[in-house]
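Chemist: Dropping the structure in here first, questions after.
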């Protein structure tokens, strides 16, 4: 069974259609990234996946035993005294083993904030703490809504590498919403382009050439993603498989820096 499977999901709010017949599957060790314009229903889709919103139609099956969630942001009232240590400890049912909080914060590059109050954290520090909190649960599925918001560029690369490592090295399934299209195209296994319905989905290279993707993001964005095209005698199927040109692999293409396949 997949870690997460959505089939034919429809959702309305206030008489407006938010999601229309959305299908999505997340398997162990796979990174699925949802992209789309503002108002496309991306965050709502994650909330349906988590069970925070009930769809009007369709099915949601969760095979994951433990889910780690990083929201787009979390606002904690300034009058609430809550230390980072306590905030992290609340994520797990039992008291964490000695040193585990420190290790997890160090992993996300935020070891220096353990003794501080949550309300005193910067936006980037808070996102790192939220990711640490999700990882403390030892999840088999990570659900991430813009996980690097407010983090500087160098820090973004570090956190995306960490997320990728969770999938590749530990078999964690990842469902992520991101506006960082360059990173998405480099690191993800499967892209879902959402605009209330699924406009297109598949391997990043395939999606980046799809007419509906181009219509949503424009040719300038598509041109800026040329770094992810390659100059070999093969192309890719929708699932990312390597195809000779004679089998529908498309035109010859060239690899850019950071490309992870040949």
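Quick reminder: no glycine exception, Cβ is built from N, Cα and C everywhere.
Pulled these features from Swiss-Prot for this protein:
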type    : residues                       : note
DOMAIN  : 4-220                          : domain 'ABC transporter'
BINDING : 36, 37, 38, 39, 40, 41, 42, 43 : ATP binding site
REGION  : 238-262                        : region 'Disordered'
Chemist: With the ATP site defined by 36, 37, 38, 39, 40, 41, 42, 43, which remaining residues of that chain have Cβ atoms positioned within 8 Å of the Cβ centroid?
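Modeler: Result: 194, 195, 196.
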Chemist: Which one, from the binding-site residues 39, 41, has the smallest tally of other C-beta atoms lying within 10 Å of its C-beta?
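Modeler: Counting other Cβ atoms within 10 Å of each of the binding-site residues 39, 41 gives the minimum at 39.
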Chemist: I'd like to know the mean pLDDT over the domain 'ABC transporter' (4-220).
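Modeler: So the average pLDDT across the domain 'ABC transporter' (4-220) works out to 88.
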Chemist: Fewest neighbouring Cβ atoms within 10 Å: which of the binding-site residues 36, 37?
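Modeler: Each of the binding-site residues 36, 37 was scored; lowest Cβ tally within 10 Å is 37.
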Chemist: Using a 10 Å radius around each Cβ and counting other Cβ atoms from all shown chains, which of the binding-site residues 38, 43 yields the largest count?
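Modeler: Most Cβ neighbours within 10 Å: 43.
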Chemist: How many neighbouring Cβ atoms, not counting its own, are there within 10 Å of the Cβ of residue 42 (ATP binding site)?
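Modeler: There are 24 of them.
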Chemist: Please classify the secondary structure at residue 39 (ATP binding site) using three-state DSSP.
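Modeler: Once the DSSP labels are grouped into three classes, residue 39 (ATP binding site) ends up as coil.
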Chemist: Relative to the Cβ of residue 40 (ATP binding site), which residues of the same chain, six or more apart in sequence, are found under 8 Å away?
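Modeler: Listed in sequence order: 194, 195, 196.
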